[in-house]
Amino acid sequence: MSDVNGNGKFLVGIYDDDDVVLSAVKEVKGAGVRIQEVYSPIPIHGLDVALGHPRSRLGIAAFLFGLSGTLTALALTFYTEGFDWPMIVGGKDSYSPVVYVPIIFELTVLFCALGMVATFLISNGMGPTVKPLMYDLRTTDNKFAMAIDLSKNNIGEGDIEQILRKSGAAEVNIKQF
Amino acid sequence: MSHVTSAVRAPLITGGKTYADVTEDISRQVEGKPTREWTIAFTISVIVLLYGTACVFWTWWEGLGVWGLNKTVGWAWDITNFVWWVGIGHAGTLISAILLLFRQKWRTAVNRAAEAMTIFAVLCAASFILMHMGRPWLAYWALPLPNTFGSLWVNFKSPLVWDVFAISTYFTVSLVFWYMGLIPDLATIRDRARSKVSRYIYGAFAMGWNGSAKTWARYEYMSLILAGLSTPLVLSVHTIVSMDFATSVIPGWHTTIFPPYFVAGAIFSGFAMVQNLVLIIRVVFKLEDYITIEHIESMNKVITLTGSIVGVAYLTEFFIAWYSGVEFESYAFINRATGPYWWAYWAMMTCNVITPQLFWSRAIRRSIVWTFVLSVIVNIGMWFERFVIIVTSLHRDYLPSSWAMFHPTLFDISDYIFSFGFFFTLFLLFSKFLPVINMAEVKTVIKSSSEKLPVSVSGVAKGERVANPTFNKDVE
């Protein structure tokens, strides 16, 4: 079973080095083993590609949230100064968009940043009450863990362990959720 | 393998640290009991804060008449302090955003403390906004809400309203950026926690981080976009603060050079404050292997650059005042240098233009004592810069009949002292309860820029520096 419902049996290969785990992913996949996920204390460039994860679409979310900020600022300034209570201050027209550039810019950035961060948290299932399923507590310190869901692989447990060890795993542990 | 190591650059992390060492060294002060130095510093900060808070409340209770303001000088210490604190905040965002985009790896050791400094400095700046309102309970009037007297809105054409948007956005985005950067480290502390309470609290703030490859990929992508957003943001904030002055018609304020000049000055003072803070942190928390002389020298180079930009701006202002042929403008500048506030002007020139040039000397740039002293001088100079711009321009304007002098009162001074108590109390709490160095980011630079270099393919020995600027591939 997957780690979402948390009742599966996993084989966890523990690695000491980020370069080793990156090449191990290619080796293990090449041996026909399906990898659940890799956990690390640092970002490893190219790991998501090696694991076959699709490219993040956070940029699209950021753009759309930014756009909503721009439109909100335009609507706010237009409604207040152009329609609800027109005022001529400093010889400028009651509605003079150039003067509102700082407001438009700030609201664009604000909406973009907050919206994107919220999207990031939601898409990763993160929140203050979330209890993460940790395959090994050392993965937030100095170890790298490769989790293999046994129920999703047709290869035997012993063979997978061999493959993991051959790929450079310092330890192979069993983790049951 | 995938890491490229420079054979010519000095290592960023010394002491041959491993990933586990990084966690151990940086988590130590979070997990252990407060040190004696921390306790003494915290006690002093809280006493200063309590005294300052009492003075701020008295200011509000009695009204702004307790300050030394008069009908001509309507802005003085409070706005000087506000601009100074906002400026100090800039280095944090610059380090975390602009240097991230420029791929400057040395930022990793100082970005966390610098970002914390930004947030606390902006809070201090905001406290002066509240103070100078006199009636802080009506602060919400600055927000775009129709008031109860009819559909009258805030004036969106006013730079003061732009400030409300700029500073609140800057604070919010900086806080979010800082907090998101903290999440992987909070998870590290959560997973190491021995007590249930720590595990629960750090666990709640770690938001369930598990360090999966997918999360890291999204996280890096998000950090890059946040950096891209923060970069123009940091420039916009002080640009808008400068417009508070530049859009007026006061001689000495009404100049187009203000936005770039204010931004350079802000980065200048911000880096000086970062230097002061990290120089203390590295000794007190024994982090000399992480915040090395290389880091200090890099920041001193930024101080030299921005200090020189500020110097050019001062000279340009003077030149334009003469070249414009506007007698009020010329008078404002001659009055600054030779009038009753000449001492403030020359303190500014000495501290900001002359002394930072000492950093052109490599020995001074790499000296801890010189760096600390010169950074304090820069901060004093930048405070004087804001004082000179505000007070000397206001105390003599177009009408000689309204000329006046500004003299600070005990409350002007005490309210400034309040901000120091506030800042250092927050900073000390941060340094006790959160890792002062970004562990996850420092771990990423260990291989490519640490003393623990493997023997390269070209045969250059571990840590040895060569004159030939070639890059060598690591051999694992």
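Heads up, the Cβ atoms here are built off N, Cα and C, so glycines get one too.
As annotated by TrEMBL, transmembrane segment applies to B:38-61 (among others).
What TrEMBL lists as transmembrane segment is B:81-102 (among others). Within the chain carrying the transmembrane segment (B:81-102), a Cβ under 8 angstroms from the stretch's Cβ atoms is held by residues 110-111, 114-119, 121-122, 124-125, 128-129, 132, 167, 170, 174, 177-178, 181, 223-224, 226-228, 230-231, 233-234, 237-238, 241, 262-263, 265-267, 269-271, 273-274, 379, 382-383, 386, 390, 415-416, 419, all 6 or more beyond its ends.
Proximity of distant same-chain residues to the transmembrane segment (B:114-140), defined by a Cβ-Cβ separation under 8 Å and at least 6 residues beyond the stretch ends, is recorded for 56, 59-60, 63-64, 75, 78-79, 81-83, 85-86, 88-93, 95-96, 167, 170-171, 174-175, 177-178, 181, 270, 273-274, 277-278, 415, 418-419, 422-423, 426-427, 430, 434, 436. For B:114-140 (among others), the entry in TrEMBL reads transmembrane segment.
The transmembrane segment annotation in TrEMBL covers B:160-182 (among others).
Within its own chain, the transmembrane segment (B:221-241) is flanked in space by residues 83, 86-87, 90, 93-94, 96-98, 100-101, 159, 162-163, 166-167, 169-170, 173-174, 176-177, 180-181, 259, 262-263, 265-266, which lie at least six positions past its ends and keep a Cβ under 8 Å from the stretch. What TrEMBL records for B:221-241 (among others) is transmembrane segment.
If you look up TrEMBL, you'll see B:261-281 (among others) marked as transmembrane segment. Taking Cβ pairs closer than 8 Å, the transmembrane segment (B:261-281) reaches residues 83-84, 86-92, 94-95, 110, 113-114, 117-118, 121, 234-235, 238-239, 241-242, 287, 291, 295-296, 299-300, 302-303, 306-307, 309-310, 313, 317, 352, 356, 368, 371-372, 374-376, 378-379, 382, 385, 427, 431, 436 in its own chain, all 6 or more past its ends.
Beyond its flanks by at least six residues, the transmembrane segment (B:302-323) meets 255, 257, 260-261, 264-265, 267-268, 271-272, 275, 329-330, 332-333, 349, 352-353, 356-357, 359-360, 365, 374-375, 378, 385 of its own chain at Cβ-Cβ distances under 8 Å. As annotated by TrEMBL, transmembrane segment applies to B:302-323 (among others).
Tertiary neighbourhood of the transmembrane segment (B:343-360): same-chain residues 265, 268, 300-301, 303-304, 307-308, 310-311, 314, 336-337, 370, 374, 377-378, 380-382, 384-385, 387-388, 391-392, selected by CB-CB distance under 8 Å and a gap of 6+ residues from either end. According to TrEMBL, the feature transmembrane segment maps to B:343-360 (among others).
What TrEMBL records for B:372-396 (among others) is transmembrane segment.
Cβ atoms under 8 Å from those of the transmembrane segment (B:416-437) belong to residues 26-27, 29-30, 34, 38, 41-42, 45-53, 55-56, 77, 81, 85, 108-110, 112-113, 116-117, 120-121, 123-124, 127-128, 182, 185-186, 188-189, 277, 281, 285, 287, 290-291 of the same chain, restricted to positions at least 6 beyond its ends. Taken from TrEMBL, the feature transmembrane segment applies to B:416-437 (among others).
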